[in-house]
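Some notes on the structure that comes next.
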Amino acid sequence: MNPQITQLYQIAQKPSRLILGLMSGTSLDGLDLALCRFSGFGLKTQVELVKHHTIPYPEEFKQSIREVFAKDQIHFPSLSTLNAQIGRLHAQFILDSLLSWGIAPKEVDAIASHGQTVMHRPMRSGNLPNSTLQIGDADHIAHLTGIITLSDFRQKHIAGGGEGAPLAVYGDYFLFSKKEEHRILLNIGGIGNFTYLSASQDPKDILVTDTGPGNTLLDAYVRQHFPGFHYDKDARLARQGILHIPLLDSLLNLPFFNEAFPKSTGPEYFNLELLNQVIHKNGYSLTPVDTLRTLTELTAQSISNAMQNYIPAIQTIHCNLIVSGGGSKNPLLMERLSKINPKMKVVESDQLGIASEAKEAVLFALLANETLMDDQVASNRRLGDSPWLSLGKISLPN
Ligand SMILES: Nc1ncnc2c1ncn2[C@@H]1O[C@H](COP(=O)(O)OP(=O)(O)OP(=O)(O)O)[C@@H](O)[C@H]1O
Ligand SMILES: CC(=O)N[C@H]1[C@@H]2OC[C@@H](O2)[C@@H](O)[C@@H]1O[C@H](C)C(=O)O
């Protein structure tokens with residue numbers, strides 16, 4: 001028998017496992033690594049975040065990803081090269097991180113790799129299936145690190161009837177649901193998404209959806225209009241601008257916002273081309289800082305509208321809004337969320353005991369833990385609308 005299969009079997013029998021979660025999001029800033037110790041699975045999951053950090057991507061590497069990222073037309077050989085290149089760079093980042101943390105690769109039971117999303121394609125009409133593509137092949141990671149690697153977690157979600165995103169629901173429910181407390185876990189990354197967890201802890205009551213742009217339009221606009229800047233640090237630019245209500249209304253009327261929940265999206269849809277189309281079609285004229293103020297408002301209002309329209313009980317319950325992702329560091333966005341939702345207590349997710357910036361990398365480590373451990377005995381195999389399946393593929397090192 002292949003000794004690597006025996007190893008997998010042994011990992012699944014251990015009382016606790018060390019799993020390294022990897023996430024690189026749509027802002028293409030770098031790779032988040034979170035080394036986690038897990039015991040249990042499902043609602044009995046216990047996790048300790050042992051180490052975490054982000055390693056920035058070299059500038060020319062970001063540029064190569066941007067050339068294929070969410071594009072209608074690409075240089076196909078570049079995509080093939082990047083698939084291997086990203087896998088190999090991530091393997092190098094893992095080895096460097098473990099060395100700096102004083103942890104030997106053989107101490108790590110598994111790696112959980114999200115990969116780099118280059119295309120996300122939910123289809124809400126017609127006969128084509130939903131699809132999504134994450135690259136950075138995990139065979140490179142497994143072979144170069146010698147560690148069993150799980151990857152490509154979004155495909156089974158689609159096979160089970162989902163759109164491949166958001167996957168945050170699994171981590172949010174297993175780690176952060178709390179009896180007698182209604183919680184909304186909001187992540188503001190490139191795209192915004194939330195998970196609503198009812199105080200009943202009944203998986204049938206869970207709601208999860210993307211809300212629209214988080215930081216993606218803001219970041220892209222800053223890069224285009226303020227050379228040398230990558231994002232609107234502390235909303236210093238947006239605060240100099242004035243809200244342009246007609247532009248805000250036109251953006252809030254885009255078809256995505258009228259589509260039924262749950263839904264997912266990405267920079268394939270929310271990009272500068274779309275913004276420019278709306279501005280030119282309506283003949284709006286506004287300064288760059290006014291545009292940034294308006295885009296910040298779009299993020300705040302589209303998140304708030306989604307919460308109001310998707311969560312039936314929202315008017316009558318007291319709900320804590322727990323915010324993670326880079327957008328939680330944007331003070332103007334956080335101020336606006338509190339103002340628009342006065343009945344909610346808005347807190348940063350660090351207060352849940354997991355550093356906000358590590359939350360998504362921890363999520364993928366948790367998904368790997370589930371795939372290794374879930375005994376599939378729970379009778380209801382859905383969390384709200386999300387299929388509850390063993391997600392991910394397994395790459396063996398040798
Ligand atoms: N101090 C700050 N002020 C304003 N915005 C900030 C601040 N810090 C971070 N951000 C925003 O957060 C972004 C990074 O967010 P994050 O790391 O969650 O993105 P991501 O991992 O690519 O997200 P996702 O994978 O969810 O798309 C920055 O590009 C910026 O827009
Ligand atoms: C396809 C894809 O990579 N989607 C990301 C992206 O970043 C935020 C939002 O869009 C979310 O839907 C998702 O990631 C998180 C981790 C998720 O699936 O929950």
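Each position is counted from 1, following the chain as shown.
Note that Cβ sites are derived from N, Cα and C of the backbone, with glycine treated the same way.
The ATP binding site feature in TrEMBL is assigned to GLY25, THR26, SER27, LEU28, ASP29, GLY30, LEU31, ASP32. There are 20 other CB atoms within 10 A of the CB of THR26 (ATP binding site), with all protein chains counted.
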8 Å Cβ shell about GLY25, THR26, SER27, LEU28, ASP29, GLY30, LEU31, ASP32 centroid, ATP site members excluded: MET23, SER24, THR54, TYR57
Close-lying binding-site residues around ligand 1 among SER27, LEU28, GLY30, where CB distance stays under 6 Å: SER27
Least surrounded among the binding-site residues, given as LEU28, LEU31, when other CB atoms within 10 Å are counted: LEU28
Distance-selected binding-site residues near ligand 2 (C-beta under 6 Å), from THR26, SER27, ASP29, GLY30, LEU31, ASP32: THR26
